[in-house]
Amino acid sequence: MMSMNSKQPHFAMHPTLPEHKYPSLHSSSEAIRRACLPTPPLQSNLFASLDETLLARAEALAAVDIAVSQGKSHPFKPDATYHTMNSVPCTSTSTVPLAHHHHHHHHHQALEPGDLLDHISSPSLALMAGAGGAGAAGGGGAPTRPRGAGGPGGGGGPGGGGPGVAGRRRGPGGGGGGPGGGLLGXSAHPHPHMHGXGHLSHPAAAAAMNMPSGLPHPGLVAAAAHHGAAAAAAAAAAGQVAAASAAAAVVGAAGLASICDSDTDPRELEAFAERFKQRRIKLGVTQADVGSALANLKIPGVGSLSQSTICRFESLTLSHNNMIALKPILQAWLEEAEGAQREKMNKPELFNGGEKKRKRTSIAAPEKRSLEAYFAVQPRPSSEKIAAIAEKLDLKKNVVRVWFCNQRQKQKRMKFSATY
């Protein structure tokens, strides 16, 4: 029985021609034309190689018949033991754009007849379906198959059973073929300088591509599992970090939301507007004075406001966003005004002659209703009663006394107008 490992006669399949920088750009017809040029040392050798091709085909078919009749197959060997069987010339037809190497012109050893014809018709091919195709390894497949396709015969030869894949396409029914079969593509090229930066992402994967497709090496499987576990652990750690970051972001957002809710609560805004109005009245400051005094706070982006804006804030007729924006500004002014008022009360005045005209006093509605109730009971209260009312309503005694005087004058005018 003829083995694929046996030494076969050395055939010079085609003359050694200088390859171009980009051989994949030249068509097969151009290659045939160059092969048939009338060069004196090569012209006589061309037809001799064709005769040798036919003889090799006959020998290969005979080997297939012997293998089928005996029904035996060689023990499976890794692809690395048949390194010299796959030594095809290294051209730049690889799928990864690498630097242009100096081509090593190896003579083709133990190539099948279909591969020889295909190589003569298209010399720009570098990687063909030699072992996964037809002939001695294919188990009765057609000897001439288009490039990049597996042989139709299934696994009859030695080491068969893997998918005959060449280049980037899969054959219609391709068997695994002979000892050098399996995956034959750009990544399984025997020359080490072709394994560049883009073929495979991991050495274990690259070694798995060089193995026959039927049975991967256990060491490669273990290496791939180890690196897969490491990648899974790294992904889990990254997921934990991302989850922690997301949790921190959620906690921070919740804290900001709780802070902002206290400022944007409508009930809180309403209570502040009422407190601001009462304290402004106690200070004896008008709404127009508040609006003009805001420019003195030196707050960036804040100038003087109109009296109508302060009035709308106190009556809660501003928009919600404007109320939120105006609240800290008015609160800052109120604290500064009350601080100035306390300092003024603590300092004794040197003389009262230079005092300006007293401003008009405004009384809030609740206090006004209480005063009207006291006036209905006693229009002319005593000095002690006026002091008690002022202390109860948190007003000045003079303000309460003047209000009672004004209210009596108002009632007198109303009676006079009703009589006449």
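Backbone N, Cα and C define each Cβ position, glycine as well.
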Exercise for review: Select from 22-45, 70-93, 94-117 the stretch of residues annotated by Swiss-Prot as region 'Disordered'.
Suggested key: 94-117
Study note, to complete from the structure: When Swiss-Prot is consulted, the range among 47-56, 57-66, 217-226, 237-246 described as motif 'POU-IV box' turns out to be 57-66
Review point. Could you count the residues of the domain 'POU-specific' (261-338) that DSSP puts in helix, in strand and in coil?
Key: 60 helix, 0 strand, 18 coil
Revision key, fill the gap. Taken over the DNA-binding region (356-415), the predicted model's pLDDT averages 88
Point to revise | Helix, strand and coil residues within the DNA-binding region (356-415) as assigned by DSSP | key: 43 helix, 0 strand, 17 coil
